[in-house]
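These features come from TrEMBL:
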DOMAIN    B:142-202  domain 'Rhodanese'
TRANSMEM  B:12-32  transmembrane segment
TRANSMEM  B:39-60  transmembrane segment
TRANSMEM  B:66-87  transmembrane segment
TRANSMEM  B:99-120  transmembrane segment
TRANSMEM  B:126-146  transmembrane segment
TRANSMEM  B:158-179  transmembrane segment
TRANSMEM  B:185-209  transmembrane segment
Amino acid sequence: MTPEIVTKISAYIWALDYGSVLVFALTGALVASRQQLDIIGFIFMAALTAVGGGTVRDLVLGRDPVFWVAQPELVVIAAGAAFVVYWTAHLLESRYRWLLWLDAIALGVAVPAGVGVAMAGDFGPVIIIIAGVITGTMGGLIRDVVGNEVPLILKGSELYLTCAFGGAVIALMLAWLGLPRPVALIGGGFATFLLRAGTLIWGWSLPVYKPRPPRTRG
Amino acid sequence: MTPEIVTKISAYIWALDYGSVLVFALTGALVASRQQLDIIGFIFMAALTAVGGGTVRDLVLGRDPVFWVAQPELVVIAAGAAFVVYWTAHLLESRYRWLLWLDAIALGVAVPAGVGVAMAGDFGPVIIIIAGVITGTMGGLIRDVVGNEVPLILKGSELYLTCAFGGAVIALMLAWLGLPRPVALIGGGFATFLLRAGTLIWGWSLPVYKPRPPRTRG
Amino acid sequence: MTPEIVTKISAYIWALDYGSVLVFALTGALVASRQQLDIIGFIFMAALTAVGGGTVRDLVLGRDPVFWVAQPELVVIAAGAAFVVYWTAHLLESRYRWLLWLDAIALGVAVPAGVGVAMAGDFGPVIIIIAGVITGTMGGLIRDVVGNEVPLILKGSELYLTCAFGGAVIALMLAWLGLPRPVALIGGGFATFLLRAGTLIWGWSLPVYKPRPPRTRG
């Protein structure tokens, strides 16, 4: 990514990256609490989750250095979130419920962050949508693989990927309709979150793949 | 990777990348069907498997941007493959058997694709072989780790890595013997597939590591 | 990473990379022996473990190409280590015990290797510490995820991450105190290893997260 493009990554995209780092860090720390790790383990899981998606996005788009190397205070924020969870997680009724809802918020912030970076890089629509989905989902996927949870994306009934995909498409379409880019991104983020919230509350789902029942024998 | 090297990535290497994306995408979608995901889950698993190996190859070799960011229609092809599998997988007798054989074909296309990119970048023989093995195996490895399957490379009896390694070495040797590069790559690809097919049909294997039996007590 | 910075990566940092590749390769091959793979599987697991941490470090710091692409003999060393383990692992009383101790040595070499590369790149303290932790822990994490072992970092009682973190901080502080960089790095490496050895011998640990016991019913 050439310097001129980097300067196009405006303040509001950085704000989205900060927000998604903070909330994803909380979810990583909650997984650490479910694994009964020590404080350094909390920080590691929080940081890995917080920057994982954006790191994959930046590597494939060729953004150099990746966002948190340019702004190391992002990792400090993730560490702070880990501390807060370490001292408060025992107060929560259901840590898994909190994990799901915080993850939904993080998804709603990270998807537009990914879309915004790819738009600033003048990539085409396919890459813009993929950048949104990667930024939204890869951090949580890494968190779940490393932290020994069933990845949320593998739960067919969760519509997880569909929310990320739908939100990225909506952000792109709002920008095409002529809305200012920050507004389009915020709209796409809200759409992502609302889709996911609907899934969590009302159990919205797409039909999942079900193999035909075996033939009954004559 | 400097522009002059990129221009050396000729049409036949792109053709190999297209082919490996298509067939690996089918295997990713089959794993999605085994996990009973929805259509977006099919697309995600198909795309992840299709571009995973080539992405790792391009990142470590410093090819910028990675191949599918330069040619986003590759991801559209993977999505199309996911649709086809979503609507047809129930017709298959044994999805796992199809998974194994499609994966064997994909391996036979992806290994020479990796070898070809590294040759175009004027890397040495060790890196050329590694690029072939990475391109051939990493997509399937990511598919299996994310999709909760036992990684094929961990099944000692499957000779999986040996086929990728052997095919890459053969492609390299054919090029050293003076054959035109496309011919050497296609030869290496066939060797990869035939080795793997032999493993699947006749159960070829190398001796696996077996610890000595425990000493019998006097 | 610009060429001038690459020249600042002096011989002693390369020596650390060589050492960590060798010892991590041994641990990867031991995991392969626990999975009963064939010789190519041993080489794959050894190489993956040996270069995994440094590869992630180099990708996020923007070092291009990654270290083992610039010095492919590192992969040959890893393959050699795999051969040695393949022929000798059956002689070991407890392969898991060897795995733990070799991993501790590798950690003590890889953490200063990561710190040294980031110092040579003139990064700030947060990134320097992260580079040390990544280089020390990512190779083993990839090894454990792929090789189906419980990741060492997830064992709360193992203080694994804390050792890497502590060693990186100590290397940084020794450099700040004015010690020559090679001395600071070696000091940080010894600190890493001694912390980890203490954990393994005396079971040192930080308090792990324990949810409050459920309220007793009246």
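Just so you know, glycine gets a Cβ as well, placed from its N, Cα and C.
The domain 'Rhodanese' (B:142-202): residue composition by secondary structure is 50 helix, 0 strand, 11 coil, according to DSSP. The recorded stretches the transmembrane segment (B:39-60) and the transmembrane segment (B:126-146) share 3+ CB pairs below 8 A when only pairs 6 or more apart in sequence are counted, and are therefore in contact.
Outside the transmembrane segment (B:126-146) by six or more residues, the chain places 20, 24, 27-28, 31, 45, 48-54, 56-57, 60-61, 103, 106-107, 110-115, 117-119, 152-153, 160-161, 164-165, 167-169, 171-172, 188, 192 with a CB less than 8 A from a CB of the stretch. Across the candidate stretches B:12-32, B:99-120, B:185-209, the maximum count of CB pairs under 8 A to the transmembrane segment (B:66-87) is reached by B:12-32.
With a cut-off of 8 Å between Cβ atoms, the residues of this chain six or more beyond the transmembrane segment (B:185-209) that come close are 12-13, 16, 100-101, 104-105, 107-109, 111-113, 115-116, 132, 136, 156-160, 162-164, 166-168, 170-172, 174-175, 179. Summarising model confidence by region, the domain 'Rhodanese' (B:142-202) averages a pLDDT of 87.
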